[in-house]
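> Would you mind keeping the following structure in view while I ask a few things?
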């Protein structure tokens, strides 16, 4: 049939809080007479979460809802009883635009906060057979088993929950605590992992678009090699959602720090990196009552034991299950090094320590790994290699077996520099479309506290029988819903903005400096970040509310992009909803325009060999319709950058302007990325666009 553009096999994709919103500047304290943005906006917005489901409603509320923004959660479902999804007494009626359903089979009850819940199982069961509810303890409903969906949903739109106790205690809430939530369970537990089939994902996109969501948040993906854009259900679904005015945000993946592994790189959606925040959990390690070092952990009570090197219990000192020497380490705290073996994952050392019956584990690893505090199955204190070496040398010199005391841990705010990019966060450039910068933005994704199903242990591991209502998680899965929450606030505050305007506002107001006013560091290298690490920078919700100028993407931009990646006129017409003959034709004029001309908030030149000029168009969305913007340029090394015009004059009669950027190489290079930025300012707003240029002019002779 002519309407069929492509046929592809359904692959399986994998899944990639209290302080984070304060760190981003969104507090719920009302020092003045006006409500803070988190409480003032969002009740008219619906956010859809594609994930592992949700937990149902009872108890107190983590994120209260009064905004009418609809956020869609594509993930592992939800635990609907969580306080985060409870309906507050003052909540407004459900927006009339909502057409969705609560498909729970009696297992999930919706309300005016959690307004929709669906689940998608056909694709999963086609691929893996009937859901094994005994082995995987899954729910054949939108209810969450793995916890991932509950956590991400609470991060995006959870209601305000006061007096959360324990580590990172305080007021917990999502980015848009008043927004409405719709859950689309597309991912299922299999062998303790979340698996999402593309057939189920695309079905969820179709429903979410029809249901009337405003924002879609999806934290899943597949490592490179990446499928072509229209052989990927996430890219196809995201494209159709964006056409209908729905903002779509994906996690960028956890394959860092090597370059070129970023996922979810379509230009019609936002790809999010993960970064740290300024909260830490210092934990004292006291040896023989006189030698003290500090690590990071979540230890609630002091633990005492004898100190031992891993060589005593593991072959070669390699802390792995199979290296155990069959000697019990009862009442012993073992020191393990990630560099021996090596032990790639801390969970390997924890499993080994449990097998040896140790009381606790001290795990030493490179500081670039940014080992994050999580709820461990065995008490684990994380230290850097330097501290680990000092402990090892103390033990070697000690005439007797040392006694070590660990904990309890403390919660400390503001004493560490943040943000820095997580070492695991996937980096650019995009391996599918290197002319579009990805990731787009970075947001908090390490040690995020979120709601959790009480029937799911915090580690998911066999033998862990603990029950918690809050849990720490890390990954770009956690940074993604932070951006979704901000999108919901922007959608509510500016209902006439397009998804591309919302993306532009987030990107052009992002920051590149940390709390010490130095350049944000790149975890995994200890060097300053570049746009491949953080995209446009670290998200700043308050500045994004008032960006001044935005880069709107029009149908012609998508046509240009699709023409340049090889789609025909007929295919493009089939994909676009609203089109004319002129807007959906790969005209000869397109042959001289590359994707560098796509009206994106960042500018990427994938191969600069000679002088080249690209175009951008900005719209004035600031309160002052009569204003003048001046440009400031930070030139990439070895590249001359000229902009015309250098002044943009906006008036009541003209609220849109185009400008041209000319790049000219000034040195010979056989292949090197260089970075700069363009900033337009009117004295109040600063609208910044990162520049990414790949210099490859060695041996090239200009004609």
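Cβ coordinates are placed from backbone N, Cα and C, and glycine is handled just like the others.
Annotations for this protein, taken from TrEMBL, read as follows:
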- 51: active site, charge relay system (ACT_SITE)
- 148: active site, charge relay system (ACT_SITE)
- 477: active site, charge relay system (ACT_SITE)
- 42-513: domain 'Peptidase S8/S53' (DOMAIN)
- 597-693: domain 'Subtilisin-like protease fibronectin type-III' (DOMAIN)
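Walk me through where these features lie, including what they touch and how far apart they are.
In the shown protein chains, 36 other C-beta atoms lie within 10 A of the C-beta of residue 51 (active site, charge relay system).
There are 32 other Cβ atoms within 10 Å of the Cβ belonging to residue 148 (active site, charge relay system).
Sequence-distant neighbours of residue 477 (active site, charge relay system) (same chain, 6+ residues apart, CB-CB distance under 8 A): 15, 16, 148, 152, 219, 220, 251, 254, 445.
Here the domain 'Subtilisin-like protease fibronectin type-III' (597-693) has a mean pLDDT of 96 out of 100.
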